[in-house]
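Below is one structure; the comments refer to it alone.
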Amino acid sequence: MRGRVLIASLPEMNNSTGMSEMHMDQKMMTHLTFLWGKSTEIIFAGWPGQSFNMYVSSLIFVFALSFLVEWLSHTRLIKPGMNHIAAGLIQTVMYGFRVGLAYLVMLAVMSFNVGVLLAAVAGFTAGFLLFGSRAFMKSEMTPYEKPTDLPPLNC
């Protein structure tokens, strides 16, 4: 298992003295509280590493993922009059892609890094502002018109 835990090995016999010793095998610790800093792992082991530039690029990546989730949640790719089977397949692929991206954002936030959390929230917020809010709508939607192809993403 590739986790970040502190593991103590069982007592081993020392061949020269016959006495048992307790050895500690120390690995990286998992943080269960939010922390600031560039020293974190996001989604993949060893990523973004210790570089500040890689940390900033990982924040941009998390922002883009959450922004894309909002775009998929509010987009209309299925045209009226489209074949029902083709429309259903497009809708299913979009749904699966959106859920996969949302889980990647969730895993990134589980790094417990405050910068990652803020990048994810900012991405969702910017995506909603552009695609879901009334701020940029060109026309008023009628009550019977379906606004999106996918059902709302529920938390």
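The backbone N, Cα and C atoms fix where each Cβ goes, and this holds for glycine too.
Annotated features in TrEMBL:
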type	residues	note
TRANSMEM	54-73	transmembrane segment
TRANSMEM	85-106	transmembrane segment
TRANSMEM	112-131	transmembrane segment
For the transmembrane segment (112-131), what are the same-chain contacts with Cβ under 8 Å, counting residues 6+ beyond its ends?
31-38, 40, 42, 55, 58-60, 62-71, 73-75, 105
Is the transmembrane segment (85-106) packed against any residues at least 6 beyond its ends, judged by a Cβ distance under 8 Å, and which are they?
43, 62, 65-66, 68-69, 72-73, 75, 77-78, 120, 123, 149-150, 153
